[in-house]
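Visitor: Relevant sequence annotations retrieved from TrEMBL are reproduced here:
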- 147-245: domain 'Cadherin' (DOMAIN)
- 246-363: domain 'Cadherin' (DOMAIN)
- 364-477: domain 'Cadherin' (DOMAIN)
- 478-585: domain 'Cadherin' (DOMAIN)
- 584-702: domain 'Cadherin' (DOMAIN)
- 1-22: signal peptide (SIGNAL)
Amino acid sequence: MQPRTPLVLCVLLSQVLLLTSAEDLDCTPGFQQKVFHINQPTEFIEDQSILNLTFSDCKGNDKLRYEVSSPYFKVNSDGGLVALRNITAVGKTLFVHARTPHAEDMAELVIVGGRDIQGSLQDIFKFARTSPVPRQKRSIVVSPILIPENQRQPFPRDVGKVVDSDRPERSKFRLTGKGVDQEPKGIFRINENTGSVSVTRTLDREVIAVYQLFVETTDVNGKTLEGPVPLEVIVIDQNDNRPIFREGPYIGHVMEGSPTGTTVMRMTAFDADDPATDNALLRYNIRQQTPDKPSPNMFYIDPEKGDIVTVVSPALLDRETLENPKYELIIEAQDMAGLDVGLTGTATATIMIDDKNDHSPKFTKKEFQATVEEGAVGVIVNLTVEDKDDPTTGAWRAAYTIINGNPGQSFEIHTNPQTNEGMLSVVKPLDYEISAFHTLLIKVENEDPLVPDVSYGPSSTATVHITVLDVNEGPVFYPDPMMVTRQENISVGSVLLTVNATDPDSLQHQTIRYSIYKDPAGWLNINPINGTVDTTAVLDRESPFVDNSVYTALFLAIDSGNPPATGTGTLLITLEDVNDNAPFIYPTVAEVCDDAKNLSVVILGASDKDLHPNTDPFKFEIHKQAVPDKVWKISKINNTHALVSLLQNLNKANYNLPIMVTDSGKPPMTNITDLRVQVCSCRNSKVDCNTAGALRFSLPSLLLLSLFSLACL
């Protein structure tokens, strides 16, 4: 396609020259004032008049139109510039474009203190690209320049010209903007004497589509005489970009049996060329379908929208009869509205034919057999079914239900996720003596509901016959555990109880014998025939084999079956306490200095293995004085502790002090223990006791130990 830019430009420039030659000395077409300056206000008020513009085309201003570069302002028919709503900052510069069939011009409003704005005047003054009408009389005449992209050498080449019909002598044209003195620099330049605009290199519309330049005239010193006036350079698109599918992979799904014309998916390609031209006008088609059965044309694509739809009848779109439920389509997008000269791009669309539940599951046989031993639990039989639907979907997965024959909830059925089989299990042990046979009715359904025209038939139910095998069960003690309460120290040979065990095998006539399984202390005996339990030793509550006053023993009941079966029963004997343990004191050794000012010797504690009321409060006494003159004293602290002290200092020696402690039992029990007291020499922080190898406890240490013992009790 050959570019037409030079011809268009020549026509435009010829119009400019004709208009400028028709100069009317009495009227100057255009705005009477080209630039206005106002200070940035706090806010532009809606319908507030900002300034008045005066425009004349010297022919009556017929069909006069105004356009403002900001969407927040408008110009009334009388030339008044007003705000459309309350706003704050709107930018540094506003442009007002006026146009009639005979003339056009632009005025500039500079807002002092405003900020820069982004955007192209191309989007604001769209009519400038289609029907340019040059200004007349003593103004810079500028028309948009159209340049095809991808031009080849030679460069630079002239692409347009700026005209100033009343330019002073020795004045010069100056061109500025992005593409000239701003990045990307040096693309355009202007002949400062003739106004010819040239381009220096190849342009790419997909990089920059429009360049917004500014033209002005200057004197020999560089001072601006007129302008700047916007000059728009528009890059004309060429078809140099192929359509691209950018959003893949493209995977669509359609349900089997869907009506003809069902939309599967949409394929959309992108073309970087100008969307306002045929260069980016795409058309779609299907180049190839794999597989090509049962029809080579299973699908159709809307050439404009890219929608892929089904075109075969619902009967052909049957997943169970298709060779492969997955189709791959090669989709082609072609620009230039699909003409042969257009560029193409392709992508693969994968379409999956999804399964719907149009086949009910069916048992492979009507009756299943199973056997199970009484008392056993677990899976007893696997029920098999067939289903033609997709094994990866809920249309295939089976759900089983026991609908009859399970009143005691002894059976459960679950689905094996790998095989789809129904695993029938016994969850509550069966009793042969109650029922030797069970019959279950089981139905199977899919997780997903069936389609309306399909239903579950007789093949979706099956019967399971279960035979229970008799097993020799062990005797059962009743009650279990068995519990008795006795006082400790009862006489040997005392009868505790008679155990009772029964055989669940009521249809068999078997005898039961008893024996001891566990008797940790060896205190018991059982009659093997009648189960009478008596004592063979004294029962002791304080024995290490007794836990929290309870002694535990285990007994066996063995039937006469072949082989014999055994049952286990537990006996719990609660032992009541009697006062059969005398209390004891601690500690039994103490030290004291011969010159101690504090004559306290030791704090004694007492303990008793018995239980209340056979323990504390304890009574502490000195059994007899070891020295004729009374030098020892014992004082009660509380129910379990007493303080031993001296009435005077003693010489360095070892003393044995008999301490008698009595509990509160009825009758009470008493224990006499010698307290060994070492009187030591304490000089210069050294303790010297009279007996070599004797224990070395300082009095403070003993007091601390005694207090610790008191705290622990």
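Note that Cβ sites are derived from N, Cα and C of the backbone, with glycine treated the same way.
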Visitor: Average pLDDT across the domain 'Cadherin' (584-702)?
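Guide: Mean pLDDT for the domain 'Cadherin' (584-702): 83.
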Visitor: Can you break down the domain 'Cadherin' (364-477) into helix, strand and coil residue counts using DSSP?
Guide: 3 helix, 53 strand, 58 coil
Visitor: When secondary structure is assigned with DSSP, how many helix, strand and coil residues does the domain 'Cadherin' (478-585) contain?
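Guide: Helix (H, G, I), strand (E, B), coil: 0 helix, 50 strand, 58 coil.
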Visitor: Which residue counts does DSSP give the domain 'Cadherin' (246-363) for helix, strand and coil?
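Guide: Secondary-structure composition of the domain 'Cadherin' (246-363): 6 helix, 48 strand, 64 coil.
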